[in-house]
Amino acid sequence: RTEYDQLSIEQDKLKSNQNQLSSNQSQLSIEHDQLRSQQDHLKNNQSQLRSEHNQLRSDHSQISSNQSQLRSENNQLRSDHSQISSNQKFAAWIGLTDKKDEKNFVWVNGEGIKPDSEKCLPQRNTTSRAISKSCC
């Protein structure tokens with residue numbers, strides 16, 4: 001009988017171990033599935049990040065191209081401005097206007113111009129928007 005009891009005890013231990021192993025296997029299987037899910041999620045994120053990275057590279061390239069074009073245009077405008085400034089002299093009378101009647105200048109307060117000052121009135125150049133001063 002002792003041998004039978006020992007075998008029975010051994011059998012119970014083995015069943016307990018088997019149950020523990022089955023439980024461990026189930027737990028590992030669950031963890032495996034979770035890791036697979038996380039891996040898939042990370043792969044999707046990686047793909048999305050690659051796509052965003054490529055879009056950012058494309059945007060950067062376009063911005064760089066636009067920047068170069070704007071620099072070129074800016075340099076041309078500076079050159080044009082410099083050329084215009086060196087070719088023309090500008091004069092302005094602050095407070096003098098011909099807004100109501102072109103070429104009939106009056107002060108903004110409505111007063112007329114003294115006759116001896118008329119020779120110094122600004123003259124509009126018809127070929128450009130420049131105003132030149134015809135004063136001595």
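These residue numbers are counts, starting from 1, taken along the chain as shown.
Glycine residues also receive a Cβ, built from the backbone N, Cα and C atoms like all the rest.
What TrEMBL records for 1-85 is region 'Disordered'. Marked as compositional bias 'Basic and acidic residues' by TrEMBL: 1-15, 30-43, 50-60. Residues or ranges marked as compositional bias 'Low complexity' in TrEMBL: 16-29. The feature compositional bias 'Polar residues' is assigned by TrEMBL to 61-85. Per TrEMBL, the feature domain 'C-type lectin' maps to 66-123.
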Practice item. Count the residues of the region 'Disordered' (1-85) that DSSP assigns to helix (H, G, I), to strand (E, B) and to coil, and report the three numbers in that order. Key: 84 helix, 0 strand, 1 coil
Check your understanding: In this predicted model, what is the average pLDDT of the domain 'C-type lectin' (66-123)?
Key -> 79
